[in-house]
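Feature list (source: Swiss-Prot):
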{"type": "MOD_RES", "residues": "Met1", "note": "N-acetylmethionine"}
{"type": "TOPO_DOM", "residues": "1-48", "note": "topological domain 'Cytoplasmic'"}
{"type": "REGION", "residues": "1-22", "note": "region 'Disordered'"}
{"type": "MOD_RES", "residues": "Ser6", "note": "phosphoserine"}
{"type": "COMPBIAS", "residues": "11-21", "note": "compositional bias 'Basic and acidic residues'"}
{"type": "MOD_RES", "residues": "Ser17", "note": "phosphoserine"}
{"type": "MOD_RES", "residues": "Ser22", "note": "phosphoserine"}
{"type": "MOD_RES", "residues": "Ser27", "note": "phosphoserine"}
{"type": "TRANSMEM", "residues": "49-69", "note": "transmembrane segment"}
{"type": "TOPO_DOM", "residues": "70-78", "note": "topological domain 'Extracellular'"}
Amino acid sequence: MQSQESGVHYSRWDSSSRDEVSMTAMSSSEEASCYRRISQKLCSGKLGIAMKVLGGVALFWIIFILGYITGYYVHKCK
């Protein structure tokens with residue numbers, strides 16, 4: 001099975017006066033394949049490990065700041 005790419009293909013026949021123009025579009029399964037390829041690149045190998053570490057550090061700081069703000073207002077002296 002051949003994968004089809006989006007685009008226009010123009011073919012001119014020498015033996016007759018017919019010209020052939022064919023147009024193809026990317027199917028949804030090929031779009032999913034593109035997203036899967038990007039996901040595979042970002043989530044595996046050294047880049048994937050770096051992304052997970054950065055995501056974990058960012059999540060830690062978000063939770064830390066939310067906890068700090070919440071604790072400030074809960075334990076605020078009246």
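Going from the start of the chain as shown, residues are counted 1 onward.
Even glycines carry a Cβ here, placed using N, Cα and C.
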### Query
Which residues of the same chain, at least 6 past either end of the topological domain 'Extracellular' (70-78), have a Cβ under 8 Å from a Cβ in it?
none
### Message
Give the mean pLDDT for the topological domain 'Extracellular' (70-78) on the 0 to 100 scale.
### Response
87
### Message
Could you give me three numbers for the topological domain 'Extracellular' (70-78), the DSSP helix, strand and coil residue counts?
### Response
5 helix, 0 strand, 4 coil
